[in-house]
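**Student:** After the structure tokens below, expect a handful of questions from me.
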Amino acid sequence: MNRQSLFILTGLSGSGKSTAMEAFEDAGYYCVDNMPIELLPKFLDLPLDSDTDINGFAFVMDIRAKQFLSQFPSVLESLGKNGHIPEIIFLEADENILLKRYSQTRRHHPAGQDKSLIESIKSEKSLMLPIRKISKRIIDTSNYNVHQLKAEIRNIAHHHALKPVSMKINLLSFGFKYGIPTDADLVVDMRFLSNPFFVPELKALNGRTKEVKDFVLETIQAKTFLKKYLGLLDYLIPLYTLEGKAYLTIAVGCTGGRHRSVAIAENIFEHLSQRGFEPGIIHRDIDRDTKEL
């Protein structure tokens, strides 16, 4: 396993470790929360398929596991001898912030037992000090919201990923007469283009055929639209990726979802494919109007 692909997320309870783990998961990492420290070496020695689709590993470890503090130094040494050099990320926050977060969630603090909440927070902070000292990265999340923390962790995850992380893009053609897709992020209406449905020799065909594509795409209106819209997508997609958006569904509609929307969606698909993406495409209503032909 690549040495840069192993992370241990640790730190104070309430500092955002679960949020950090979600960011690693979104970046294609295999993640385990509350991993028993004694099982880590055995887990990392398990064989992986050569074609496994994993960018790396991220394990959340903290005082919830009874043996964590006592065994962590020896396990870390053992990992190093076997070629596994984890990057330790220590998350923390101001005591007042942790107190506020726990008060809002009403969860029990793992260092609680018979102590008050503030005493538990102080106790954990003291217990975790040796781990903090050996951590490569210390992130204070006091002034972070969820999105800001995910963005910082995502930058770390992407930098060490074994392969580039890209957003999943799906194209969906549809007919407005059958309803707008509820899961669409972007919806564009092609009903301003001339409708092949009213051309006798094109009526029975669909937007995947050369005849319909030529009819739809060769108009000045379609060419102007595609120039502007494809430029907009080229601008938006990197920004969506930067914000951590994992999926983008682009819905292209016309009246029945058989001709214009299909031809335009196919053109957008080709453009995104040429840009290095691997978009999916579904023509939801392409066969819905066949009984009316």
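Note that Cβ sites are derived from N, Cα and C of the backbone, with glycine treated the same way.
Below are the features I grabbed from Swiss-Prot:
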type    : residues                                               : note
BINDING : Gly11, Leu12, Ser13, Gly14, Ser15, Gly16, Lys17, Ser18 : ATP binding site
BINDING : Asp62, Ile63, Arg64, Ala65                             : GTP binding site
**Student:** Taking Cα-Cα distance, which of the binding-site residues Leu12, Gly14, Gly16 are within 10 Å of Asp62 (GTP binding site)?
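**Tutor:** Passing the 10 Å Cα cut: Leu12.
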**Student:** Measure from the Cβ of Leu12 (ATP binding site) and count the other Cβ atoms within 10 Å, all protein chains considered.
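**Tutor:** Around the Cβ of Leu12 (ATP binding site), 25 other Cβ atoms lie within 10 Å.
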**Student:** Rounded to the nearest angstrom, how far is the Cα of Ile63 (GTP binding site) from the Cα of Gly16 (ATP binding site)?
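**Tutor:** Between the Cα atoms of Gly16 (ATP binding site) and Ile63 (GTP binding site), the distance comes to 15 Å.
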**Student:** Among the binding-site residues listed here (Ser13, Ser15, Ser18), identify the one with the smallest other-Cβ count within 10 Å.
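**Tutor:** Ser18, out of the binding-site residues Ser13, Ser15, Ser18, has the fewest neighbouring Cβ atoms within 10 Å.
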**Student:** Taking 10 A as the limit, how many CB atoms besides its own sit near the CB of Gly14 (ATP binding site)?
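**Tutor:** There are 24 of them.
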**Student:** Mind giving me a neighbour count for Ile63 (GTP binding site)? Other Cβ atoms within 10 Å of its Cβ, every protein chain shown.
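**Tutor:** The answer is 18 other Cβ atoms.
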**Student:** Within 10 Å of Arg64 (GTP binding site) (Cα-Cα), which of the binding-site residues Gly11, Leu12, Ser13, Ser15, Ser18?
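**Tutor:** Taking Gly11, Leu12, Ser13, Ser15, Ser18 one by one, the ones whose Cα falls within 10 Å of Arg64 (GTP binding site) are Ser13.
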**Student:** How long is the line from the C-alpha of Ser13 (ATP binding site) to the C-alpha of Ile63 (GTP binding site), rounded to the nearest angstrom?
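**Tutor:** Approximately 9 Å lies between the Cα of Ser13 (ATP binding site) and that of Ile63 (GTP binding site).
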**Student:** Inside 10 Å of the Cβ of Arg64 (GTP binding site), count up the other Cβ atoms and send me the figure.
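**Tutor:** A count of 13.
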**Student:** Restricting to the same chain and to sequence separations of six or more, state which residues have a Cβ under 8 Å from that of Lys17 (ATP binding site).
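**Tutor:** In sequence order, the residues whose Cβ lies under 8 Å from that of Lys17 (ATP binding site) (at least 6 apart) are Leu9, Thr10, Gly11, Val60, Asp62, Leu91.
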**Student:** Tell me which of the binding-site residues Leu12, Gly14, Ser15, Ser18 ends up closest to Ala65 (GTP binding site) in space, Cα to Cα.
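**Tutor:** Sorting the binding-site residues by distance from Ala65 (GTP binding site), the top entry is Leu12.
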